[in-house]
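Take a look at the structure below.
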Amino acid sequence: MTRKRDLTLFSLLAIAWGTAFAAIEVGLATLPPILFAAFRLDVATVLFAGAILALGREWRPRTRTDWITIGVAGGLMVGAHYGLLFIGQSYVSSAVAAIVLSLTPIVTPPLALALLPQERLRAPVVVGLFVGLAGVVVIALSGGSIGGQAIGVGLLFGSAFAFAVGSVLTERLQRTLPVLSLQTWAMALGAGILHGVSYAHPGETVPSLTAWTSATVAALAYLGVVATAGGFLAYFLLLDRIGASQLSLVNYASPLVASLVGWALLGESITLTTIGGFGMIVLGFALCQLPSLWRLLAPVAGYKPRRRSAAGDCVVVDGNAYVLDDRDTGRTSRTAPTAD
């Protein structure tokens, strides 16, 4: 990632996804979390549907597998992911939410290895998983007691886990829908699920129009237009230009942006314990992604990584998506990301 345009796009993506957590924090001051998440998906669905019409893309599911993929993606990668994210962030700061969500690339490879029979579970992946989970525990306890912070971190971990499970399951399905159409259907289904849950939840009510502030409207518009639609565009532009390994680093640039924005605009404080927990999560990611990181960094150090002679698949994380990369053929298959 040396070209100026690539660095600019990467920075914009990290900013879009990192600042999304601050926007969620602002909106939660007025809107109940589940309904707020549903509204965000409403905006994104309208934008994505408009893009499909403008580009003339195929949008109709044609096979049973297409519908199953939409159900899994909409239920887990969108509905459960965003619902738990917004509820969890109502207990913690935007920085803590962003840091815990960065656990997703650590959780995904072990799940993929467990569900894909051709894969072998390697020791660094196991160690990386436990190191990353230990980092989450450290963050959960950084509030000084087993209370709201721990509850929020647990919900956010559930959000990361739901996305990871959905990523692996959808990867096993041979769909025919283009990725933009799948993303649109998943957003629409996820929004419908969250609206239903919000309506049935006794603690959630639709706020009156007088309760809406300009900050609430701005936060919702920012999440739908910039963080989701803009992030989606930047993500796939970068995916074609720099590849999965380098793009996965956005998972750790975004929490840094979220922490700085939360401190500067929302007056949030970051404890040394939280920083230490984030460091453990980053270390866990490095252990899970040793082969990919070696291929990325070895040329910089003057080494030429050797390719494996035996055929085999490598589980890597493509930004916020799961990717199966065939080392010998160079082919990759991927699921659609969902911006945070």
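Along the chain as shown, the residues are counted starting at 1.
Heads up, the Cβ atoms here are built off N, Cα and C, so glycines get one too.
What TrEMBL says about a protein is an automatic prediction, not a curated fact.
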Checklist entry - If you check TrEMBL, which stretch out of 177-197, 303-323 is marked transmembrane segment? => result 177-197
Item to check | Folded-back contacts onto the transmembrane segment (32-55), same chain, C-beta under 8 angstroms, at least six residues removed | outcome: 24, 78, 82-83, 85-87, 89-90, 180-181, 183-184, 187-188, 190-191, 194-195, 197-198, 201, 203-207, 220-221, 223-225, 228-229, 232
Checklist entry - Hey, which of 94-116, 150-170, 177-197 has the most Cβ-Cβ pairs under 8 Å against the transmembrane segment (67-88)? => result 150-170
Checklist entry - the transmembrane segment (150-170) vs the transmembrane segment (94-116): three or more C-beta pairs under 8 Å (separation of 6 or more)? => result yes
Checklist entry - Would the transmembrane segment (94-116) count as touching the transmembrane segment (249-266), i.e. at least 3 C-beta pairs under 8 angstroms with sequence separation of 6+? => result yes
